[in-house]
Each structure stands twice: as C-alpha cells, then as structure tokens.
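Noted in TrEMBL for the protein shown:
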ACT_SITE  His67  active site, proton acceptor
BINDING   Asp68, Val71, Gly73, Asp75, Ser77, Glu89  Ca(2+) 1 binding site
BINDING   Pro164  substrate binding site
BINDING   His194  heme b binding site
BINDING   Thr195, Asp246, Thr249, Asp254  Ca(2+) 2 binding site
DISULFID  Cys36-Cys116  disulfide bond
DISULFID  Cys69-Cys74  disulfide bond
DISULFID  Cys122-Cys324  disulfide bond
DISULFID  Cys201-Cys233  disulfide bond
DOMAIN    26-328  domain 'Plant heme peroxidase family profile'
SIGNAL    1-25  signal peptide
SITE      Arg63  site 'Transition state stabilizer'
Amino acid sequence: MNSLGLTTLCCVLVVVGTLECFSYAQLDPSFYDSTCSNMHSIVRDVLSNVSQSDPRMLASLIRLHFHDCFVQGCDASILLNDTDTIVSEQSAAPNDNSIRGLDVVNQIKTEVENACPGIVSCADILALAAEISSELANGPVWEVLLGRRDSLTANQTLANQNLPGPNFTLDQLISTFDNQNLNITDLVALSGAHTIGRAQCRFFDNRLYNFSNSGNPDPTLNTTLLESLQAICPNGGPGTNLTNLDLTTPDTFDSNYYSNLQLQNGLLRTDQELFSTTDADTIPIVNSYISNQTLFFENFKASMIKMGNIGVLTGSQGEIRTQCNLVNGNSATLATFTSKESSQDGMVGSI
Ligand code: HEM
Ligand SMILES: *[C@@H]1O[C@H](CO)[C@@H](O)[C@H](O)[C@H]1NC(C)=O
Ligand SMILES: *[C@@H]1O[C@H](CO)[C@@H](O)[C@H](O)[C@H]1NC(C)=O
Ligand SMILES: *[C@@H]1O[C@H](CO)[C@@H](O)[C@H](O)[C@H]1NC(C)=O
Ligand SMILES: *[C@@H]1O[C@H](CO)[C@@H](O)[C@H](O)[C@H]1NC(C)=O
Ligand SMILES: *[C@@H]1O[C@H](CO)[C@@H](O)[C@H](O)[C@H]1NC(C)=O
Ligand SMILES: *[C@@H]1O[C@H](CO)[C@@H](O)[C@H](O)[C@H]1NC(C)=O
Ligand SMILES: *[C@@H]1O[C@H](CO)[C@@H](O)[C@H](O)[C@H]1NC(C)=O
Ligand SMILES: *[C@@H]1O[C@H](CO)[C@@H](O)[C@H](O)[C@H]1NC(C)=O
Ligand SMILES: *[C@@H]1O[C@H](CO)[C@@H](O)[C@H](O)[C@H]1NC(C)=O
C-alpha cells in the first residue's frame, strides 16, 4: 500500500467505546503510477481531441475544478446529479446554465475505467484535466498532486455561499478566498484563469447601462470596449450572448489578462476591481504579472496546487465513484459497484 502515499496516524478515542482512526494523508503526484500509469495520457488524448473542435472547453474544465474545490473541497461534489438524496450543486446560481464540461469528464472517466477499473477518482480527473487544459492552452505546466477521493454528498447551499459573484467588491473577493485559506496573491494569480474562456452578458451587463443606479455605465470600463459590449448585450436583453474574457488573446493562456486591466479592459467587474480599486494591495501584484509573465505562471501553478489541496478526501474517506454523476450504491450503478472496495481502501492495513 506504499503507492497510496499515506501517512496514517491512528488514535483511540474513548467516545462511547468506539475506535476512531484519523488518517493524515498526503496527495502525491505518483499516486497512480503503479495502478493506472496511463491515466495522464488518457486525459491528455481526450482533451487534445475535444479542444480541436471546442477550444473553449479547456477554459471550462479549469473553471470546473475551481467550482469543485470551493464547495466542501476538491471532492467532485459538483459532478453529482440531482437524485432522491442529492441536491445538485449544478443548479446553484454560479453554476446554473454556466458550467460546462460534465460530458467531457464522463468521457474521460469511461476511458479511464476501461483501462483501470475502480482506481481513479473523479476529483483527480478534474484536477488533472485542469492542468492539462492549461498546458494545451500554452499556459503553465505543473505536477498534479493525486490521491483525492470522491464525496458521498453535495451541497447546493454551500455552492451559493462559497463561490464568488461577478459583481463582488474586492473586499468580498478577498474574504471569499480567505475562507478557503487563499490569500490576495492567490486571488490575483487564480483570477488570471480569465485569460481564456467566455462569459455571458448577464454576468457583466449591469456595467453597461445603469451601473449602481448611476444612470451611467461603469466608469472603470474602457469606452471602446463598452461600445462593442453594448452591441453584443442589448439593454434589457436575456444576457445569454457570449464574449471573450480576454479581449486580446482569447484562447491563449498568457499575462494579457492583466495588461487588459491597465487599459480598463477587464470584462467582469471583479476582474477590473483587482486593478481599479483605489490603493488596493492587488494593484502591485497585477503590475508584477504584466512585467513578468514567468512570475504569473509560477504563482498560478503554486495557487492551483494550493487550491487543489482544499478539503480533499483521502485514505478511506469517501469513495472512488464508478460513475462521476452518481454516488456508488445508487440503484443505477449497483451492477458495476461490487468488488471495487477493498482495493481502494487505504486504511485496510492499518485498522
Ligand atoms: C475571482 C472571482 C471569480 C469570479 C467572480 C468569477 C466569475 C466568472 C464568471 C461569471 C464567468 C462566466 C461564466 C459564464 O458566462 O457562464 C467565469 C468564467 C470563467 N472562470 Fe471565473 N470567476 C472567478 C475566479 C475564477 C478562478 C479562480 C478560476 C480558475 C482558477 C476561474 C476560471 C474561469 C474560466 C476559465 C472561465 C471561462 C469558462 C468558460 O469559458 O466556460 N475563475 N468566471
Ligand atoms: C482522437 O481523435 C482521433 C482521430 O479523430 C481518434 O482516432 C482517437 O481515437 C481520438 N482519441 C480519443 C481519446 O478520443
Ligand atoms: C447527469 O445529468 C446529465 C445532465 O442532466 C445527464 O446527461 C447524465 O446522463 C446524468 N447522469 C446520470 C448517471 O444520470
Ligand atoms: C451545507 O452547508 C451548509 C453551510 O455550511 C450547512 O449548514 C448544511 O448543513 C450543509 N448541508 C448539507 C446537506 O450538508
Ligand atoms: C500567499 O501565500 C503564499 C504561500 O501559499 C505566500 O508565498 C505568499 O507570500 C502569500 N501572499 C501574501 C500577500 O501573503
Ligand atoms: C453591483 O454592485 C453595486 C455596488 O456594489 C450595486 O449597487 C449593484 O446593484 C450591483 N448590481 C447587481 C446587478 O447586482
Ligand atoms: C437607473 O436605475 C435607477 C434605479 O432603478 C432608476 O431610478 C434610474 O432611472 C435609472 N437610470 C437610467 C438612466 O435608466
Ligand atoms: C447577440 O448579439 C447580437 C450582435 O452581435 C445582437 O444582435 C443580438 O440581439 C444579441 N442577442 C441577445 C440574445 O442578446
Ligand atoms: C481602451 O482600450 C484601448 C485598446 O483596446 C486602448 O488603446 C485605450 O488606451 C484604452 N483606454 C483607456 C482609458 O485605458
Ligand atoms: C520573473 O519572475 C521569475 C519567477 O519568480 C524570476 O525568477 C525572474 O527573476 C523574474 N524576472 C525579472 C526580470 O524580474
């Protein structure tokens, strides 16, 4: 069980006579080396195929990992569908009609299950897909820590509470990230994921016509960009049209997201806030990423790894789902559920 990379500490708790065992587990980049050594290439092949016809998918998968991690940790809770016992996070306000890539994750899972049944968690697939997406968009490359397990629950209420909104103030953003033990360097670096992908008008159109009931557009929005956004997002329209988050290089992972902010070309209010909030501590960080893209990439990698460690389930916690949208044991998956458990149980040798 060495490959599980576990540091296990057992202790006896004299609580109504039960023996409880706490496992302090570490994620490990070589977690699947002996059990599913081609996992990395499977994920990469699917994504490199899909991104040829749908380059936006790389962005969508990075976002999916983020929306997973901020809600009860990186445990694939976002993938669980509505059932009798699950209230899906997918219909929480920040996710509803907005998250993409669930079908691609299922495609990856199917191929990984064919190669190594019952081994790889959906939470790890999300983490690895996010990294490979960065790589395929010419962004930073890092070694993904693995060994997460999948949750038995989801929490839609928590998704509404923990995920930031596009109209948040900088103080609200800082506190949302602080709740996850992420600091302002992490906030600025991770916001740089908006160097790729798209957003719907409804997430920023409050800036275009009557911002904060002023009767005028957001004064921190570049007037040239304003005009083109007003054409795409008619006043009072449904807000479903899409536009690029990064005005200059929409599908390339680079530091132009930050240079845009200097020209008031941030798309979401929360993007522009990082640079346009008077005297904010985030301004020098933005400037440093503009002058040094390597620094942005280094910080982005560190922050993605930090985010990927939030609230992970390891050892014998949770499970390895057979189907990413369902908890095992659900009637729909009973047929494939048997015989997977003992090989997955990191605590087997230690109880
Ligand atoms: C700082 C607070 C953040 C806010 C308020 C925010 C909000 C949003 C919104 C409203 C969209 C558009 C969704 C849509 O139109 O359906 C979006 C897209 C996106 N977000 Fe964020 N986000 C934040 C941070 C992050 C972080 C930390 C990451 C990843 C590390 C991220 C990655 C993305 C990506 C890649 C897209 C494009 C997705 C696509 O095209 O499908 N965002 N975000
Ligand atoms: C990728 O596409 C190629 C050619 O279309 C196909 O042969 C291959 O099976 C695909 N691979 C995956 C992992 O989808
Ligand atoms: C989960 O929901 C999606 C979208 O509603 C659907 O395509 C998928 O088949 C569902 N998965 C299962 C296992 O029911
Ligand atoms: C979801 O999270 C909220 C807020 O932390 C908590 O009060 C609630 O008990 C959780 N619900 C479930 C179903 O776990
Ligand atoms: C944020 O945390 C990282 C370590 O995770 C640290 O290197 C960095 O200096 C911190 N930034 C701030 C502004 O505290
Ligand atoms: C956005 O925030 C501003 C001030 O913080 C507020 O006045 C405005 O009503 C908000 N807009 C929306 C659409 O929530
Ligand atoms: C802006 O919104 C406020 C509050 O809804 C309204 O009183 C005002 O007339 C609006 N201004 C314009 C120019 O539409
Ligand atoms: C989408 O944008 C086009 C202009 O590019 C505009 O004519 C159309 O009304 C918009 N549709 C919606 C649903 O806002
Ligand atoms: C607005 O953006 C354009 C480029 O898109 C730039 O040339 C101009 O300087 C920007 N205006 C301001 C006030 O930053
Ligand atoms: C850019 O940042 C990298 C990573 O922190 C650092 O090694 C390098 O010295 C910086 N370059 C400049 C010109 O400051």
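Cβ from N, Cα, C; glycine included.
TrEMBL entries are annotated by machine, without manual review.
Other C-beta atoms found within 10 angstroms of the C-beta of Val71 (Ca(2+) 1 binding site) number 29, with every protein chain shown included.
Its Cβ placed at the centre, Asp75 (Ca(2+) 1 binding site) has 28 other Cβ atoms within 10 Å. Cα separation, Cys69 (disulfide bond) to the residue listed as 'heme b binding site', rounded: 17 Å.
Packing around Thr195 (Ca(2+) 2 binding site) is summarised by its Cβ count: 27 other Cβ atoms lie within 10 angstroms of its Cβ, all protein chains included. Cβ atoms within 8 Å of the centroid of the Cβ atoms of Thr195, Asp246, Thr249, Asp254 (the Ca(2+) 2 site) belong to the same-chain residues Ile196, Thr248, Pro250, Asp251, Thr252, Phe253, Ser255, Asn256, Tyr257, site residues excluded. According to its DSSP assignment, Thr195 (Ca(2+) 2 binding site) is helical. The Ca(2+) 1 site is defined by Asp68, Val71, Gly73, Asp75, Ser77, Glu89, and by the 8 Å test on Cβ atoms against their centroid, the other residues of the chain that qualify are His67, Cys69, Phe70, Gln72, Cys74, Ala76, Ile78, Ser151, Ala154, Asn155, Ala159, Gly311. Among the binding-site residues Asp68, Glu89, Asp246, Asp254, the residue whose Cβ has the fewest other Cβ atoms within 10 Å is Asp254. Nearest by CA distance to Thr195 (Ca(2+) 2 binding site), out of the recorded positions Cys74, Asp75, Cys116, is Cys74. Within 10 Å of Cys324 (disulfide bond), judged by CA to CA distance, lies none of the recorded positions Asp68, Gly73, Cys201, Cys233, Thr249, Asp254.
Residue environment of His67 (active site, proton acceptor) contains 22 other Cβ atoms, counted within 10 Å of its Cβ in all protein chains. In this structure, the CA atom of Cys233 (disulfide bond) is 35 Å away from the CA atom of Gly73 (Ca(2+) 1 binding site).
Cys116 (disulfide bond) falls outside any helix or strand according to DSSP and counts as coil. Within 10 Å of Asp246 (Ca(2+) 2 binding site), judged by CA to CA distance, lie the following recorded positions from the set Cys36, Arg63, Val71, Gly73, Cys116, His194: His194.
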